[in-house]
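Reading through the structure tokens given below for one structure.
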Amino acid sequence: MLFCPDCENILTTERIQERLSLICMTCDYRYNIEKPFFKKTNYKTKVIDDVYDENESFKNAATCEKKCNKCDSNSAYFIEMQTRSADEPMTIFYTCVKCKETWKE
């Protein structure tokens with residue numbers, strides 16, 4: 001990406017007949033390209049851990065009496081997490097002990 005030396009806006013390419021030019025859409029700057037050029041960069045994807053992993057999150061969670069809508073069990077793990085701004089109440093995530101169904105309130 002190249003920028004205009006006069007007004008610092010991004011330069012775009014323009015083809016007139018067989019000539020390529022870099023032009024500024026804001027001012028009258030024009031640079032005629034004598035020979036084409038390009039630069040290719042390959043980036044490696046960085047592998048990062050998940051921020052929230054359902055299986056690990058409930059590993060040490062407390063249990064409570066909460067009815068599961070899927071299997072009618074009355075026991076669920078629960079954790080509280082701040083998912084919105086600090087002045088909003090925390091979100092409670094539940095996971096059924098029996099069938100592992102997950103829901104939130």
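Each residue, glycine too, has its Cβ placed from N, Cα and C.
Following the DSSP three-state reduction, the secondary structure of C27 (Zn(2+) 1 binding site) is coil. Cβ neighbour count for C27 (Zn(2+) 1 binding site) (all protein chains, 10 Å cutoff from its Cβ): 13. Taken from TrEMBL, the feature Zn(2+) 1 binding site applies to C4, C7, C24, C27.
The Zn(2+) 2 binding site annotation in TrEMBL covers C68, C71, C96, C99. Listed in sequence order, C96, K98, C99, E101 are the same-chain residues six or more apart from C71 (Zn(2+) 2 binding site) with CB atoms under 8 A from its CB.
Per TrEMBL, domain 'TFIIS-type' is recorded for 64-104.
Annotation comment: TrEMBL describes 4-27 as zinc finger. Residues 33, 36 of the same chain lie 6+ residues outside the zinc finger (4-27) yet bring a C-beta within less than 8 angstroms of a C-beta in it.
Those residues of the chain, other than C68, C71, C96, C99, with a C-beta within 8 angstroms of the mean position of the Zn(2+) 2 site C-beta atoms are N69, K70, D72, S73, A76, V97, K98, K100, E101.
Of the listed binding-site residues, namely C4, C96, C99, the sparsest Cβ surroundings within 10 Å are found at C99.
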